[in-house]
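Everything on this sheet refers to the single structure shown next.
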Amino acid sequence: MKSFCRGKTSEAATQPPQHQTLTTDFPPLSVSPAADPAVISPQDPTLLIGSSLVATCTVSPDFPLKAEDLYWTLNGRRLPAASYAALGPSTLSVALARLNGSRQQSGDNLVCHSRDGGILAGSCLYVGLPPEKPVNITCWSKNMKDLTCKWAPGTEGETFLHTNYTLKYKRRWYGQDNTCQEYHTAGTYSCHIPKDLALFTPYEIWVEASNRLGVAVSDVVMLDILDVVTTDPPSDVHVSRVGDLEDQLSVRWSSPPALKDFLFQAKYQIQYRVEDSSEWKVVDDVGNQTSCRLAGLRPGTVYFVQVRCNPFSIYGSKKAGIWSDWSNPTAASTPRSERVAGGCDPKGGEQNTTLRRELKQFFGWVKKHAYGCSNLGIKLYDQWRVWLQKSHKTRNQVGKEPFALLLPGWVGTRGDPPPQRCWGVTPTPGRRGALLLSAGSSRR
């Protein structure tokens, strides 16, 4: 006697058939092997969703049972007598209309019983859909020797039948088809090729989906291993305050070891968010630096920061690699104050804003041309900002009135002029970063 449905496979099976394992949803149905009490026809049919079926149960002449002594169950649930019809003294049929997808991918149990509940015969019903073409194949390599690929099972996905997904690959212009063996390594629909891959050689990669109702093949993806290299996320991410500057945080990290092992270059991205928000802001212009200063942050606020890496310039590859995962979030808080908004300074704050860039240029000019102003530097500007933030009166005036930065040698605006020529810097109100330069004349 043929076995009935014995269980349910994984809903999204992706291994070749010989590797499938079964788990039980319904208990196995046992029938004495000595003789078949009855026969169900058709046996183990495969049907499309929405189909109808008439099945018959015919009792063996060796068993004294009549059609009126029989009843049907589907997955353990008794079917209504109105769907039965006696087709002979010992034959009972059941009509099933507009069938839904199978409750378990290994098939639904249709069973013929005797009046006392004994099992006479059983059949598996496979009701579902043919597989759809797998889509969205993406692949990556962590060490230039392996390849991991994942995909999606088509637009609908659910076929209600056990469906095998097989990843295949070959060298583009020659070589035979190869089949991936290590499935589920990066999710349900994924496979890992651990070795025996060639560099500087394009590969063709595709996925085949098959079940009882048909076969579907994905589009072929062509790639070179060097074009899909990725790394682990950057490590040792540290976020700290920048002195007393209330609107900035310094971010530092270490490059992934793979970048050194494979002679890669890298570019980085940072994303950050405030503690009470789920919205991340991304900083794209970090380049290949391993530090960055976030500016324009909210004072007295906790920020979470993450970093990720993308290798490029890999042995002449013209394509960028694949972004790594984000590092684990690292938190830090800005000092309490009242300043607002800004971006990222990848060079430690020396080019934070238009104003800072123009001041740096101005300081350089003053050093070169103005006697008595040789001790200027960008640190002086940072010190002045700290002093400005601590002055509540000045803070209330920022953005509302002009303010002046008086450099060493400047003696004020009244009284005797300074003994040498030096300059004052006054941002123009309403124009961010605009500078008004005023000079003092020497009197001797």
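Note: Cβ is positioned from N, Cα and C throughout, glycine not excepted.
No curator has checked TrEMBL annotations; they are predicted automatically.
Note that the structure is predicted; figures quoted are calculated from it, not measured.
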Out of 1-24, 97-120, 313-336, which range is noted as region 'Disordered' by TrEMBL?
1-24
Number of helical, extended and coil residues in the domain 'Ig-like' (27-112), per DSSP:
6 helix, 37 strand, 43 coil
How many helix, strand and coil residues does the domain 'Fibronectin type-III' (133-228) contain under DSSP?
4 helix, 47 strand, 45 coil
